[in-house]
Each structure stands twice: as C-alpha cells, then as structure tokens.
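Colleague: Could you have a look at this structure, given as structure tokens, before my questions?
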Amino acid sequence: MIKKDVLGIRDMSKEDLIEILDTAKEMKKIIEGEKISDILKGKTIITIFFEPSTRTRLSFEMAAKYLGAHFGNIETKTSSVVKGESLIDTVRTVERMKADVIITRHNMSGAPHLMAKYLNASIINAGDGLNEHPTQALLDLMTIGEKKESFKGLKVVIIGDIVHSRVARSNMWGLLKLGAEVRLAGPATLLPKTFEKLGVKVYYDINKAINGVDVVMGLRIQLERQKSGLFPSKDEFVRYFGITSERMRLAKKDAILMHPGPINRNVEISSEAANSGYSVIEEQVTNGVAVRMALLKLLCERRKNNENNY
Ligand code: CP
C-alpha cells in the first residue's frame, strides 16, 4: 500500500508503482465515460502551487472533480503568502479547513517533504526544485505501458537539460525500478557523467543515444538558464541535441516520442516531430488526469484504513 504522502518515485517500491498504474487504468475508464463518480465523496482536495503550471494543476483539479471531491485552489500570487506568511503556517491553515490531500509545487527541493512532516493531511509533490516530479513520471510510465508490452529491457532515452530536470530524475527512478534500460543524452554542461553511478548510460552524441531505442523522451530546455552560459547558443543546441523526425528514424520503427510539456517548439523538439506519428504527447496529458485520480483514490483509501492515525 502506498505511503501517507507521495513525495517521490525514488522512495516508492516496484509494487507501489504497479498498484498506481493498475488503478490509473481503471480511472481512465471514468474519464472516457461519464466523467463522474462518488469515489471521493466528502473528501477535500486543495492545490497550492508556488510555481507556474498548466497541466499538473488543472489535471489535479479535474481528477478531484471527476471523483466527486470538494476542491479548492490557492493562487499564491494573491494569497497571504505575499504578506510573508510562512510555508508551514500557510499549509496548516489549509489543513484546518479539513483538507484530506494537499498538492503542492515549490521551487525549493524538499518543500513538500517539510510540509508532510508537519501535517496530517496527505501531501502530493507536484514538482519540487530540481528534485522530483513524481506524478509526471507516473503518467509517462502509464503512457509507455499502454504502447509497449513490457518495461523489462525496454530502451528509453531522455534527452536535453538533464541536470535541471526533476522530470528526468523521477522517470529515471521509475524506469529503472520497472526494469528498463535508461540512456541520458545532452551537452556535458547539462549532463554530468556522475549520473552513470545511478545505473544509467550517459551519451553526448544524440544520434548514438537514439539508435535502436523504443522510447524517446525530450525535456524542456530552460531558456532562462541560457544566460548562465550552460550551452553556447540556442541554435547550437538545436543542431546537436534537437529531436527531429530524421533523428527519430534512428530509433526502432515503432518508437514513441514523449515530452512532458510545455514544449519549446523547434528548440528541444521540432514542430514536425512533435506533430508526427511518433508523438504521444497529447495522450500523456490525458493519462495525467488518470494517474492523479488513482493517487487521490489510493491516498484516501489509505487514510480511511488508518483513520485512528490521522
Ligand atoms: N509537465 C508539467 O509539469 O507541466 P506544467 O508545468 O504545465 O504543469
């Protein structure tokens, strides 16, 4: 059974991952059907994001509503956070309004872990600094699982700004636990060789990295970080590390192309490749709702089973 909080993939077992993915499959039937259920009737779900988001925040809202929960959102820019209220005081206030699950994104690695320590409500990490983005990895795993027979021996390459990517870290943990071979590719300034200690292969030549893989996963190049000189220019990054349809042809014939979004079109991925038959980017978005429904369901069930401890 999953823990009280969903803080990262690193501390999940393979069995946890399988339970979540199996539950998400069931939840997808609700999305594709009437989009209403009373599984979370009487439960209160709150989102509080300290960083921008389109997909993650809204998909949690839709997940809560499709399952019949009460739902609230705090806009941090117009909340008492701007008056200097502390992180813990803010989330304790939310908890006292009888929140069962609080979902948060923060630029500080470890912020959700800190909240989890102080609160009885379950915390879901929707992205913390450079650390993890567990729900993104879960939706990615679900999408791969729908397209491929087994994770065992599957070759997956993650390309781009690895060093700043919490998506890459969470996917790496999840894919390794499920038995896939993980390759990382990017410029040396965005991909330290030390990642190899974690059991992945590091490539500085994208063509070699893509060769023969089942799954190609692009990452958002964080253009704001160009100022710090981590790669010479955007054009150079596109030339040496951009994912194009031509490069996709180096992968297996039935390879899929993924990206967590938002996309910088014609930077880390060409517009043509993003719209091509390889792309499952839009399916990832739908699966994002399904895995978040699954997590809310499993966490609330766990809370019910451990009622005396909350
Ligand atoms: N992939 C992802 O986390 O997207 P958002 O920033 O839009 O939530």
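Including glycine, each Cβ sits where the backbone N, Cα and C put it.
Remember, TrEMBL labels are computer predictions, not curated facts.
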Colleague: Considering the carbamoyl phosphate binding residues Arg55, Thr56, His133, Gln136, Gly261, Pro262 given in TrEMBL, which of Arg92, Arg96, Arg105, Arg239 is annotated for that site as well?
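Modeller: When TrEMBL describes the carbamoyl phosphate site, the candidate it includes is Arg105.
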Colleague: Among Lys83, Arg166, Arg220, which the record lists as binding L-aspartate, how far apart in Å are the two most distant Cα atoms?
Modeller: 32
Colleague: Express the predicted model's confidence over the domain 'Aspartate/ornithine carbamoyltransferase Asp/Orn-binding' (152-298) as a mean pLDDT, rounded to an integer.
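Modeller: PLDDT averaged over the stretch: 94.
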Colleague: Counting Cβ neighbours within 10 Å across all chains shown, tell me which of the binding-site residues Gly261, Pro262 comes out on top.
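Modeller: Of Gly261, Pro262, the one with the most crowded Cβ is Gly261.
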Colleague: List those of the binding-site residues Lys83, Arg105, Arg166, Arg220 whose Cβ lies under 6 Å from any atom of ligand 1, in sequence order, or write none if there are none.
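Modeller: None, as no Cβ falls under 6 Å.
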Colleague: Residue counts in helix (H, G, I), strand (E, B) and coil for the domain 'Aspartate/ornithine carbamoyltransferase Asp/Orn-binding' (152-298), per DSSP?
Modeller: 66 helix, 24 strand, 57 coil
Colleague: Around the C-beta of Arg105 (carbamoyl phosphate binding site), how many further C-beta atoms are within 10 angstroms, looking at every protein chain?
Modeller: 24
Colleague: Using only C-alpha positions, which one of Arg55, Arg105, His133, Gly261, Pro262 is spatially nearest Lys83 (L-aspartate binding site)? These are the binding-site residues in the record.
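Modeller: Nearest by Cα distance to Lys83 (L-aspartate binding site): Arg105.
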